[in-house]
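Beneath this line is the structure, given in structure tokens, with notes to follow.
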Amino acid sequence: MEFILSLIGSLLLIICVLVSVAFLTLLERKVLGYIQIRKGPNKVGLMGIPQPFCDAIKLFTKEQTYPLLSNYLSYYISPIFSLFLSLFVWMCMPFFVKLYSFNLGGLFFLCCTSLGVYTVMVAGWSSNSNYALLGGLRAVAQTISYEVSLALILLSFIFLIGSYNMIYFFFYQVYMWFLIILFPMALVWMSISLAETNRTPFDFAEGESELVSGFNVEYSSGGFALIFMAEYASILFMSMLFCVIFLGCDVFNLLFYMKLTFISFVFIWVRGTLPRFRYDKLMYLAWKCFLSFSLNYLLFFIGFKILLFSLL
């Protein structure tokens with residue numbers, strides 16, 4: 001019985017995430033529309049609300065094409081695996097339920113984000129297109145660079161709360177959010193989240209002027225839709241993780257979802273506001289600024305814990 005309940009819970013979570021992704025794309029198109037002083041999608045149904053579902057039907061009913069010289073199997077598997085990973089990573093969220101509150105949640109998140117690099121790399125390589133390969137290489141270099149700082153910052157918090165289980169973030173933030181006492185870290189984490197999800201101003205994987213569309217240039221119909229959904233599911237997850245780490249994480253509270261919506265909106269807001277970085281500046285930022293910052297904070301937290309234990 002418990003297994004059936006867990007299975008139903010997993011299916012519900014996946015369905016809810018996919019519906020959220022659909023409405024996040026609609027929100028993005030609306031917000032970008034208003035930023036550019038136009039309406040955005042407003043013709044389909046009431047205020048354009050069914051628009052993402054119409055887009056999904058259109059994309060999945062189009063003919064599946066593939067480049068003649070591409071590596072057929074890996075070309076098709078990489079978008080599927082990409083979406084699978086971005087849905088699978090939701091397991092580490094602290095939902096106060098047996099299935100979704102396991103003790104190595106932080107480690108599980110790092111494993112899933114590291115595996116996400118391979119899907120981009122395989123998608124770029126198997127297309128057998130120079131544009132796709134260059135886009136894939138850029139995305140891999142960028143993701144690996146920023147993952148180091150991401151892991152160090154997460155490790156700092158794990159030292160602070162003393163567990164890999166994400167549920168401890170809730171216990172430690174009952175009286176005060178970590179955002180208030182660690183505001184610089186929150187800003188750096190937000191920047192790293194933007195870089196990890198290949199969003200503006202770090203969207204070098206899909207620089208239109210240089211790489212046409214990046215690693216997904218040869219994908220059409222269903223393959224493109226799966227890559228697109230995986231990207232937006234990871235944006236939602238990174239927004240939720242920001243709320244868990246910095247804004248307290250009582251998932252049964254409506255306020256939590258309002259915070260999640262606001263952080264997702266910030267991702268879109270940044271896209272509508274900032275231009276793309278220069279590539280050397282991106283690498284400089286990752287290795288010289290963020291890495292030294294996160295290492296200093298990690299050493300500070302380790303020293304802080306040692307001091308606490310020596311005093312006790």
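Using the three backbone atoms N, Cα and C, a Cβ is placed for every residue, glycine included.
Feature list (source: Swiss-Prot):
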type	residues	note
TRANSMEM	3-23	transmembrane segment
TRANSMEM	77-97	transmembrane segment
TRANSMEM	104-124	transmembrane segment
TRANSMEM	151-171	transmembrane segment
TRANSMEM	174-194	transmembrane segment
TRANSMEM	226-246	transmembrane segment
TRANSMEM	250-270	transmembrane segment
TRANSMEM	289-309	transmembrane segment
Which sequence-distant residues neighbour the transmembrane segment (289-309)? Criterion: at least 6 residues beyond either end, Cβ under 8 Å. 146, 148-149, 152-153, 155-157, 159-160, 184-185, 188, 191-192
Listed stretches 77-97, 104-124, 151-171, 174-194 vs the transmembrane segment (226-246), most Cβ pairs under 8 Å: range 77-97
Outside the transmembrane segment (77-97), six or more residues from its ends: residues with CB under 8 Å to it: 6, 9, 13-14, 17-18, 105-106, 108-109, 112-113, 115-116, 119-120, 122-123, 126, 165-167, 169-170, 219, 222-224, 226-227, 229-231, 233-234, 237, 240, 244, 249, 251-252
